[in-house]
Amino acid sequence: MSFSRNLAELFTPLCSSKCFSLYTRISISMAMMLIPMTIQTLFKGQKIIATIYTFILALTLLSIRSNLKRVLRVLTLILIFIVIGFIVIAISKFLGYPTPTLKELILSSVNLVTLFLSISLFFQWTSLRELRWILTKMGMSRLANLTTATLAFLPLLLNNYIEAYIAILMKFGKRKVYKAVNSLIIHTTMIANDVAQAIYLYGLPQTPRVKVERPKLLEVLLIATIVILAMFLIIVAP
Amino acid sequence: MQVVNQDPYTHFLEPVPLDDMLSYAERFYGNEAEEIVEKVVKLLDIEDIVNRSVITLSGGQLKRITIAKALIPNPTILIFDEPLMWLDDVNGVEMFKAILKTLNDMGKTIIIMEHRFLHLLNFVNSMYKLMQGTLVKVDKSDVTKLVRQSFRRVVEGIQALKTSQSNSYREVLRLDNVWFKYGKEQWVLRDLNLKVYQGDTVVIYGPNGAGKSTLLRIIAGVLKPTKGSVKRFSKVMYIPQIPYLFLTEESIKKEIKELCNNRKVREDCFSRCSELLNRFGYDDLDRLPLHLSWGQVTRLATLLSINTINGDGLILLDEPFTGSTYLEAIALAETLRMFTEVAKIIVLSSRDYISLFPKARVYTLSNGVLSPLAYRDAHMFDKAAYRLIPP
């Protein structure tokens, strides 16, 4: 039950501008997303040290503001998919189809987990008003408004999932517990009504005035270290 | 003029209230927005919660932030639509009284629409009842007299409550020395013992965050106790605080059909349930449940549950009166009372509704410990107070 709550909180902004400057936060989380993607695309099944480095770094960065245990607990969801992948590959191997090696498989899984953590890092480190500001600066103000309305209620909806789950489990038993999705759809329409009321009462949020400070020297050093070390490990290490 | 809605969730478009308030304030004050928000935040003493995510805040905390947001454009008139809804007695209602005092001191004009109005008598200059579209002035002294009368009657009624409830029926639930905590966090529940018999009504009262919902989830079997045992001897149904989450189909008729699909005699089940719903005023079974009011949905979910457990199981109701009007609350309580063979566990965060269950066993859940409610301390209202409410 606390799983859905943990998952919801993993995508909720935790760190306001007081933590690092906006540029630093965006740069670090973007770099953290790009590194596993680069390794996976260009060096599939290779670069063990770089892969481990990014994974540990992602966990460390997440644990700065979030509870590491919670992050690890949420990882069980991704592990389920990884296990399913393993099973599918084992069956494929059994049937004689071409399959990746075990090393490739493990490294790809770790890269996937790192990418997931980096995405949640981006959402935790960037407040919605900053995200809106970025989108508006990119000339996508309509998308910024839609993003606001959507993302604001996503954690709330995830949090309500457990209530629906218990009610439907008691109502129909385990075999039809999937019907909780219907309840959530109904509830989503109600939340949409809440959003409409909020817009009616207060209007759509205007383009936010976000204070964009220059990153401090230490922050620049941090970004540089992360990127240079990753590049070094990708190029030099096996 | 600003309106503060019933549901605090209808006030925020951003997950962190501080960001939301800043966006709103920027519209009126531009670069001074931050300063204004800071002032309002200090005024309502919400510095420690305004930076947290909406999902981690209780209804009461969110309500306080909502009022702060409404104050940003410095309105002359504030309209509160059922401000006590979602609020518990301990933190919520007292908190709202403190806010009212602050607003009174600021010279704001306040209009309150509220069913649980008796809590607010000392903060209003005049009272009206809205009856068939007409506002009728009510004399405050009449209300005070009614409250005194009702309080006396409740205290007298409480003496009767001490007599034991059902004891001739079979046991439907037993909790033995139940302890619970999430991971390595503090104990949420400590050494709980509870026996529920067929036909029992058990009310568990406690403030927000006391562990009531956790207890219900343990009873439902979704959570396992860290120590101790839970034994269920009959079918259990759970009605969540947001009753719409109970419903899965696009019409009431389909709800009944789905529930009856699991039964051996489907036709009989369907006709029995339709008849039951008809008896309680649900004539149009093709109706979309979403179109029903909050109170009607709670009652519908209760009736469907009663039909599912065949009239002799256990129903768990998590804050069933949250979104209901007083009249809907009375209707639901009366409906529950009619089914004497069904055991009910009702979780409440407001004492106002306890008197709706005169024969219930009432417990408080505080600091994880379940203990019988000290009735004499309970400030409850009886039906005398409802005379002011239009039929």
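The backbone N, Cα and C atoms fix where each Cβ goes, glycine too.
A TrEMBL annotation is a machine prediction, not a hand-curated record.
These features come from TrEMBL:
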type	residues	note
TRANSMEM	A:20-39	transmembrane segment
TRANSMEM	A:45-64	transmembrane segment
TRANSMEM	A:71-93	transmembrane segment
TRANSMEM	A:105-123	transmembrane segment
TRANSMEM	A:143-162	transmembrane segment
TRANSMEM	A:184-205	transmembrane segment
TRANSMEM	A:217-237	transmembrane segment
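Cβ atoms under 8 Å from those of the transmembrane segment (A:20-39) belong to residues 46-47, 50-51, 54, 57-58, 61, 107, 111-112, 114-115, 117-119, 121-122, 125-126, 130, 134, 210, 212-216, 219-220, 222-223, 226-227, 230, 234 of the same chain, restricted to positions at least 6 beyond its ends. Scored on C-beta pairs under 8 angstroms, the neighbour of the transmembrane segment (A:105-123) with the top count among A:45-64, A:71-93, A:184-205, A:217-237 is A:45-64. With respect to Cβ pairs under 8 Å, the transmembrane segment (A:71-93) is most closely packed against A:45-64, considering the stretches A:45-64, A:184-205, A:217-237.
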